[in-house]
Amino acid sequence: MASKQAKRKEVHRINSAHGSDKSKDLYHFGSNVPPGSFEQKKGKFPIWPEWSEADINAEKWDAGKGGKEKDKTAKSPIFHFFEDPEGKIELPQSLKVFSWKRPQDFIFSRTPVVVKNEITFDLFSPNEHLLCSELMRWIISEIYAVWKIFNGGILSNYHKGNLGELPILPWKPWEHIYSLCKAVKGHVPLFNSYGKYVVKLYWMGCWRKITVDDFLPFDEENNLLLPATSYEFELWPMLLSKAIIKLANVDVHVAHRRELGELTVIHALTGWLPEVIPLHPAYVDRVWELLKEILPEFKLTEEPSSESKITTIDNKLKEATKENKDGKDGKNGKDLKDGKDMKDGKDGKDGKDGKDGKDGKDEKADARDLGKKNKKDGEKEKEKFKFSLHGSRPSSDVQYSMQSLSECSSAIQLPHMVVYATFTPLYLFENKIFSLEKMANSAEKLREYGLSHICSHPVLVTRSRSCPLVSPPKPPPLPAWKLIRHKKETVITDEAQDAVPKKPEQFLEISSPFLNYRMTPFTIPTETHFVQSVIKKGTPLGSSLPPLVENDLVASTSQGEMSIVNGNQSQGNIALQITLGKDEPSEPALADFHQLEATSLDRDLISLTTATLDKSQEELAINEGVAKEIWLDFEDFCVCFHHIYIFHKPHSYCLNFQKSEFKFVEERVPYYLFVDSLKPIELLVCFSALVRWGESGALTKDSPPVEPGLLTAEAITWKSLKPLSVVLRIHTYATKASVVRLPAGRHMLLFNAYSPVGHAIHVCSMTTFVIGDEDIVLPNFEPESYRFTEQSIIIMKAIGNVIANFKDKGKLPAALRDLQAAHYPIPLNNKELTAQHFRVFHISLWRLMKKSQVAKPPSNFKFAFRAMVFDTDLLDSFSEDVSLAEWVDLKYSTPINEKEYTSEEIAAAVKIQSMWKGCYVRLLMKARKPETKENVTVADTLQKIWAVLEMNLEQYALSLLRLMFKSKCKSMESYPCYQDEETKLAFADHTVNYADQPPNSWFIVFREIFLVPQDMIILPKVYTTLPICILHVINNDTLEQVPKVFQKVVPFLYTKNKKGYTFVAEAYTGDTFVSGARWKLRLIGSYNPLPFLARDSPCNTFSIKEIRDYYIPNDRKILFRYSIKVTVAQSITIQVRTSKPDTFIKLQVLESEEVITSTVGKGQAVIPAFYFLGNEKALSSQSSKQVLLSHPSPKKDPEVLTKKKSGQPGQKSFKGRSGGGLTDTGMPLLEEEILNIPTLEENSSTPQQCYKYIIQCLVLFNSWPLNETQLTFVQALKDMEKMDIKEKHEEPAPMGSPDSHAVSEGQKSVGVPKTTRKGKEKSAEKEKLAKEKQAPRFEPQQVQMPTAVHSQQEDPNKPYWILRLVSEHTDSDYVDVKKDTERADEIRAMKQAWETTEPGRAIKAAQARLKYLTQFIKKPVTTDTTTSAPSPETLSVSQSQTKSSEEGELDTGKYADIKELPPNAAGSVLWKKWQMTKTITSLTKFTSSESVPKEEPPQKEIPVVRQRSPTILETSPQQIRKALEFLDFSHYVRKTAAEAVLQTEELNKQQAMQKAEEIHQFRQHRSRILSIRDIDQEERFKQKDEVLEMYGEMRDSVDEARQKILDIREVYRNKLLEAERLRMEALAAQEAAVKIEIEKKSPASDSQKKKKVGKKK
């Protein structure tokens, strides 16, 4: 059963994993084996399998039972213990292994156990000899951190309550170990005497099963080199550490600098994802805000109790006493329990007792933090690991509770996070001076807080604080009488009073077991600050005068050993005094009072806490472990640490995606991601990379470079090949995570993962996302985005609100305003654009309403709509047939008047129209006014329309907004959802199947015409397993190809055309056999409808016609010319390939010798599709094809039509002809042509257009030179072809053109002449020879191929080429391809006609040529009587015939395929010709070297050989050589000197040096001229800039002067206005005074009058 489970589990492994035969390790059995004995490490081993509880339950833990252990321990079956098949672990270099022992070899007191104490453990005190190793410090620190995170609060409550029952701990480190137990919750591993243990750790994206043995390393002093607890017989730390070290050995790090790379033990123990954030001085403020969000925050209560103060001081005093007492830091941190009371009194944080109680020590650090304001340096080398389990928990909950960790309440709770921080060791051999500076600053600051830079280790960041630890005492209330007209104190001084900025309270609490380890913290005074002191100068005691407040310059004197009480008190006083001195007016006497009061209070507290110093350390450190806490100023925190890590719990996120791949290939794996949200998006992306396997993790100088794994994320859009932005880039050797933050909306991301061995990707988010292959993700981009849907529904609901309140007088104006705000959210500040926007909205709404009315709309439908939108001209100026986008672009155009009207008529028409329009507008206004009859009618009509729309509100809303977006109005860009249009897409797939293909074959996979219904951007993508597949897209109207980048078609704007676009896919199999499979073309566009096929289904059966021949160089550089005629119009693909892969060729299609289309290629050239118009016969049965031929005859029309039909695949199955199938000369063809002449004449009488197409290929840039072997082969090939042609055309009868289309094109037609008797007698022999030599060896071959199977083996040493014509299988019978020999046949027939009409013409021409040559030929002088020079007659005749032959051949040199040979081709003729070839070639080289300074290329030699006449070949080569020796070339030689000089090597060198000197002088002169030009240009630019600057300064000066004048004017004006105002006020006051005086006088006078009257009475 175990073996079956092992085989089943092996699915997750990689059998081809890398491994290395590591060096032998020390293997010591107690004292029985000498230290020098070694054991070879095991070889390759598979990657650790994924965790499976079924495998653990079926595991065999003893020896020899089951095949699993036998396979793994195949080394020595005689041992009765388990030995790790992966070999011994590799310890860091700081730990020297001397021997390996099993637990039975060094534990004698009792039987070893895996777990002894399940409540507490001590990994610090027993392992001080291991703390020199960075790896061991990390393991110990991170085990403590995870223990504190999960179990800190539970154990604190347990020890405080002294409960009898043991608490249930959420996490136990020994539960990662399995031995002799089942995989159940809460299992306890047992000691296994066999030595086999299984450890469960998280690695490469999942939990892994890691098997270890119980061999433990020891050094020479017999010290265990793995962490252990205080119980020496407890094994779980050693076993767990061995598995962790296995993971560390896979990681990559630099030897002699670090002992571990990017591995994090917390990630291995918990599976949480580490996010790396470097601390850079530029954005430390953002880091503080992030930490404040994540970490629990320490807060002060309004009234802290005195009991909490006493308890806090108690703990701090004890801590300080213990630190001075002994250096055993392992026990110093265990006295943190009683400090919980202070926390309870301050925060009311229930679950954080254990953590808050540690504030006693942290307050001590706080006193030191107060006076430190160090500058922040750039930090990059230290790593910070942040564990903030608290992302969404309330700030009152300070303790990490497992309950909050384990719960993931969907979208209500935010993810849990934990903050961690580390610093790297001090490396003195660092080459970068900036790194050394950072290390020095960090080491100095760490020492102030009791940490050592040498002992690098991770620290846990637990809390943040933005307030003092102890709340300052409140000032006594001021008496009410002092609050009346309270004046600020006046300070008499002549110095400027500068406000001292107050440093913000920013502190972080860290927890570390290495705090104050073997060192005493101290503070280095680096800055000064002002401390206010109250000094009464010149005043006697008891004086009531206010004292003077001065600032004395005092250095920071707070010491690390200072009591935390004094530190807190001084901190509180300073903060209070600064506040009072700067902001609040207060009397100095109050400050004195507060200071004295605080001092007396502190003395009382100290006296109260001294009694607690006698308590034992055990009572104060109940199960708090060795971890201690301290508060750090955030500014100092940024100096000490360079990176922070935030560990995210993945299960606290709503959505998780995980994918792992192990492939030993260096290729990037793409992942597409879709996300859409109405709120900002956060994606947590974790990437794990395995860059190598089975090798040591340390990198030395001799190690090969190892590239890290790479994960990139790009925001892409299918409309562009360039990504919009790179949003993420992760380089790692182990595991790293990062948060991708995206704005609200829809996004398309492309992840590319690269790792040599394997990788794992993990994506978490609280927002819904889809990630995977393109087929999985693309369908999510078809629906409208969330923002688009929301915007459309808002608009539609606003329309419904208007319709519902159309009869309500009070609500209708508000509803109309809401509708305008919905569809016109942002003012455009452009009247024309705003008017266009409203018109677009009204037309879109009209189209939607009209479309929604399935039944007959109401009679007043249009009137009701106009009343609602209040637009009378809209529907009249808009045509229903015109698209909205076209209507937007159109401007109002004046109508064309067919006749001219008089001014009176125009005025009358305008008056009538204005009257009717005014009446209609008044009617609309009345309909919009509630409580009118018209309004009720319109409202009822609108209600009926809305009832239809409301049934499918969302669909109609999307249609409305989509209509508006299709208008392409610029105002649509103001909508927020417009940004989502970049990712809006629709796609359609078209698939075909292809058959099996042999190696090195080319074939067509797909060829179809697509019709584009509307202008849109389209991206075609090909999905296939073919090694090479290229897609071509051709516009059938213009015959232009859509541009490609790296052989891929780019997104392109496809405009609507008449003949559509042809999509052609060509493929090449390469060196391997390709089996048949499915090929898919995907068209991606913005919206439907997408381009569609011109027929129902695509064609996948094609016929390939192959033509092979050899390259024969010629003067015109023509590779070949073939004429092609099609009976039925069809599309054909043309491909040419050459044997020389770097030859530049140009493939052309000619119609009537005019280039219709062409393409240039290197080694091959392809015309993807060309539509050939057919010459259909009168009795053609292809009636369906005749429709396609009914096109006009002008030349341009066939050209355009060619492109349209090229999309329809046309295949051809040719009738293969053996031998001379491509040679269209000979008697059989002539006879057939003679029989067909009457038919052609009948056809020519019809008005049908006859199309003549030529396929021509040219060699460019002389890019196909031939070597000697190839030249010899080509020469022999030409000679044999000449013999064949001579045999076929030996008779003097004239020959007409073998091609029937030559007659139909109107060229000169040659009749059949009367043949001579000799020709008639030799006709029978000719037919016989034609049958015998039907297929010469070097004859080009024409092969009909259903597929691209080669008919003969290709010889790469011969210059051959292949022409392929691909048509649809059904149309292949209607294609005829022939070699184009029309011009050669015409020349040959012309010569024959001349000879027939004028006999002896050839002889006369030969005599004339002889006469010309005799002028330059001298008779050779020779004494040899046996050998005589040729007679003049013989030589003249031969040379005249040679000249005649050359004249004819020069005319035909354009067509190198037509050649002539002598009539008597005997067996020895070929040998003679080969000899003559060598002779004339050497002669040509010699002659050209003397006459022409530049030697002609080898291609020029070949026509000379071909132009020799048969008469010369019959002459002896010696005679020709002697005759040519006496040729007079003197008049061809150009003399440049008076006397001839011998051309020697010295002369050549001298001339070369002169030439080089001239070139050098010219180059110097040229460079001088160019430099002068550059200088002049720079001066001109400089002068131009100076002129612009001068005018700019003049403008600025004028503006400044104008502004000064205006300012002076304004001041003067204000002064006058002020004076006028004062004068008016004075006058008003004067008048008021006068009036008062008058009023005072008038009552007095009245009273006096009354008194007088009374007296009179």
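Numbers run from 1 along the shown chain.
Yeah, the Cβs are placed from backbone N, Cα and C, and that goes for glycine too.
Listed in sequence order, Ile795, Ala798, Phe841, Met964 are the same-chain residues at least 6 apart in sequence whose CB falls under 8 Å from the CB of His823 (heme b binding site). In the three-state DSSP classification, His823 (heme b binding site) falls within a helix. The heme b binding site annotation in Swiss-Prot covers Gln791, His823.
Summarising the annotation, Swiss-Prot assigns coiled coil to 1585-1640.
According to Swiss-Prot, the feature compositional bias 'Basic residues' maps to 1-11.
Residues or ranges marked as compositional bias 'Basic and acidic residues' in Swiss-Prot: 321-386 (among others).
The compositional bias 'Basic and acidic residues' annotation in Swiss-Prot covers 1321-1336 (among others).
Summarising the annotation, Swiss-Prot assigns compositional bias 'Polar residues' to 1341-1351 (among others).
As annotated by Swiss-Prot, compositional bias 'Polar residues' applies to 1422-1443 (among others).
Feature annotation from Swiss-Prot assigns domain 'Calpain catalytic' to 70-402; the stated evidence is sequence analysis.
Per Swiss-Prot, domain 'Globin' is recorded for 762-889 (among others), and the stated evidence type is sequence analysis.
Beyond the domain 'IQ' (905-934), the same-chain residues lying 6 or more positions past its ends with a Cβ under 8 Å from any Cβ of the stretch are 806-809, 812, 863-864, 866-868, 870, 872. Here Swiss-Prot flags 905-934 as domain 'IQ', drawing on sequence analysis.
Per Swiss-Prot, the feature domain 'Globin' maps to 935-967 (among others). Looking at the domain 'Globin' (935-967) alone, the prediction's average pLDDT is 92.
Residues or ranges marked as region 'Disordered' in Swiss-Prot: 1-40 (among others).
The feature region 'Disordered' is assigned by Swiss-Prot to 321-398 (among others).
Among the features that Swiss-Prot reports, region 'Disordered' is placed at 1184-1226 (among others).
Residues or ranges marked as region 'Disordered' in Swiss-Prot: 1288-1356 (among others).
Taken from Swiss-Prot, the feature region 'Disordered' covers 1422-1459 (among others).
Remote same-chain residues near the domain 'Globin' (935-967) are listed as 784, 788-789, 791-793, 795-797, 799-800, 803-804, 806-807, 823, 840-841, 843-845, 847-849, 851-854, 858, 860-861, 863-864, 867-868, 883-885, 887-888, 926-929, 978, 981, 1087 (criterion: CB distance under 8 Å, separation of at least six residues from the stretch ends). Long-range Cβ proximity for Gln791 (heme b binding site), meaning a same-chain Cβ under 8 A and a gap of 6 or more residues, is found for Leu961, Tyr975, Pro976, Cys977. Residues of the domain 'Globin' (935-967) grouped by DSSP class, helix first, strand second and coil last, total 31 helix, 0 strand, 2 coil. Note: the domain 'IQ' (905-934) comprises 26 helix, 0 strand, 4 coil (DSSP; helix = H, G, I, strand = E, B).
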